[in-house]
């Protein structure tokens, strides 16, 4: 969003300078050719990467069937929104930055500001929708499976655009101050105090609060699941120890001492149906695992504990088998929890990046109209803050590509043009 101008011709009055600051502002005649070249290269690279990254996300979801689910529909819609920012907003913002002057007329300025506010607000609200979707999926996983439909995703996406329209349209209908159009060389958003509060809270501060609450509850739910899993493992381990201790003590060897070969450990065979000797075979929780249990030796003879029956009555569960089953179950739970924590971590990084990019901008956007000429903001710092917000549209696809293996594989296929060969 563009709430401040970068330069206003040869005028240097306080009301016309960037951020309403005092002192002289670099005029169009003072802008050097080297500044224009360097700025054009930097901003051109940013815009190109933003377009390419978001286009790849959209193409990946459209071409890769494994990515076509409700959660990724929200991500795809976010990419479309960021693509609109990159194509419709950033080129005009870059031209404004390079020339240090608005040269496209007042009508185009109004359209530029409306598109800027609409697309940037929708992009921010998409992050809210993604956080809300993850919150429902983690806190109500069973019921939300049936509720997580494309229709619900479409409703969330439509809501983000509706709120964006409600925030972007009012200045075009007159909710602005007369000073907003006083300088033909400047193009800034309305500095009306009421609209400033309405737009900044609607586009950023309320969504920020909502995301903080949602992610706080997501982390709390994830932590509860982890602790619950640990308690189950500990309880199962205690039960296994109790069941093992109830087994009859081992018989002594002929010399009255436990034999050196007593209570041998299990021999694990990964191939189902492999012949086993001197032991009892039982298929555990892992369908690909067979346990061979040699229990006790007396002289040259061997005695084997009976395997637990289907009903579990009058049988003893071998400790090694129970430990193996427990390890298998625990490993599966750890894998599931690791995937869940990775998802939460990824979305947390997205939210953190969003805050880093947009918080400085919205602090300035909220404070500036109220402090008038008492605020002092260097023009260069203002431009950096402005483009830091725009860069969020570049960083979103980078984060998804880095953390999501499915997206990585789809991007590789796009680069190698494997989809073209189908």
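Yeah, the Cβs are placed from backbone N, Cα and C, and that goes for glycine too.
With respect to the membrane, residue 100 and residue 184 are recorded by Swiss-Prot on the same side. Which of 208-234, 235-261, 262-288, 289-315 counts as region 'Disordered' depends on Swiss-Prot, and there it is 235-261.
As a quick check, the transmembrane segment (74-98) and the transmembrane segment (153-174) clear the bar of 3 or more Cβ pairs under 8 A, pairs 6 or more apart, so the two touch. Remark: of the recorded positions 109, 120, 187, the most isolated position is 109 (fewest other Cβ atoms within 10 Å of its Cβ).
Taking CA atoms as the reference points, residue 187 (disulfide bond) and residue 120 (serotonin binding site) are 17 Å apart.
Within the model, the topological domain 'Extracellular' (1-38) carries an average pLDDT of 52. Counting residues 6+ beyond its ends, the transmembrane segment (39-59) has Cβ neighbours under 8 Å at 75-76, 79-80, 82-83, 85-87, 90-91, 94, 97-98, 387, 390-391, 393-394, 396-398, 400-401, 407, 411, 414 in the same chain.
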